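Q: The N-acetylserine feature in Swiss-Prot is assigned to S2; the stated evidence is sequence analysis. According to Swiss-Prot, the feature region 'Laminin-binding' maps to 161-180, 205-229, 242-317. Marked as region 'Disordered' by Swiss-Prot: 278-317.
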Amino acid sequence: MSGGLDVLQMKEEDVLKFLAAGTHLGGTNLDFQMEQYVYKRKSDGIYIINLKKTWEKLLLAARAIVAIENPADVCVISSRNTGQRACLKFASGTGATTFAGRFTPGTFTNQIQAAFREPRLLIVTDPRADHQPLTEASYVNIPTIALCNTDSPLRYVDIAIPCNNKGPHSVGLMWWMLAREVLRMRGTISREHPWEVMPDLYFYRDPEEIEKEEQAAAEKAVGKEEFQGEWSAPVADIAQLEVPDWSEGVQVPSVPIQQFPAGIEAATAAAAVVAAKPGPTTEGYSEDWSAQPATEDWSAAPTAQAGDWGGSTAEWS
């Protein structure tokens, strides 16, 4: 459907994406209606899908989707886990309606139930797994688009896109390619610039694998914290260490400091000086204390003899 236009031709980076995701790898069985899309068969029995015809059918499907005026009238369905995330991303990017998970029988035919829908276009991931919506679409004349492998039945399928619909990377890449072409044909994004959305967002991830990756990352982080190589004590930066002064703000009472001799030598020298000084002489002095008169006036001034016991005041000073 490229019509020979260079702008619609498959680019080299698109081919590399197809090869990296394994989109060209079919199954070991071949349906007679899918034989026209097979390039050749490998020695191990796996059929190789012609990527040129895959690209042509991809453009045809994108044109059919763009022809629907209301994007919500396009219904995308995937009952397999590998395509549910891709369907949700496709629906959020293009505005389509999605049924991720189990398809309720009678959604297209039973008008009584609350989940009744009347889409104008149906897109499925696997014709064999999504046979129920394909059968109901045939009852109400809804055109259908399907991602078909080499062994997929083409009954009730109007536009078959040959690709590997088993691998999670291949399914995610095909939905990403389809969403990109739809947005390009609508004029939402430009063909001259690459789309900022990566195909990895459309890939299915097993919850067990995600949990294992998180556990491995946590164990790696714990092991890195425990092993620090040769241990060495950290060098304290004394120059920048600030010691707080706890005496700040504490009122200390002012008590006079008593001066004492410096040591034993000072005390000994003071005693020797006192011993060397002459004391009061008692030679020729024989006072009889009993001969004192009984009527001594104690209020009178003291005699000069009373001050000779300790020497003069100048001698002690």
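Any Cβ shown, glycine's included, is placed from N, Cα and C.
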Q: So if I exclude everything within five residues of the ends of the region 'Laminin-binding' (161-180), which remaining residues of that chain have a CB under 8 angstroms from its CBs? That is, six or more out.
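A: Beyond its ends, the region 'Laminin-binding' (161-180) has Cβ neighbours at 14, 17-18, 20-27, 34, 37, 49-50, 53-54, 57-58, 61-62, 65, 82-83, 85-87, 89-90, 93-94, 125-126, 145-150, 152, 189, 195, 197, 199-205.
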Q: Helix, strand, coil: count each for the residues of the region 'Laminin-binding' (161-180), based on DSSP.
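A: Split into helix, strand and coil, the region 'Laminin-binding' (161-180) gives 13 helix, 2 strand, 5 coil.
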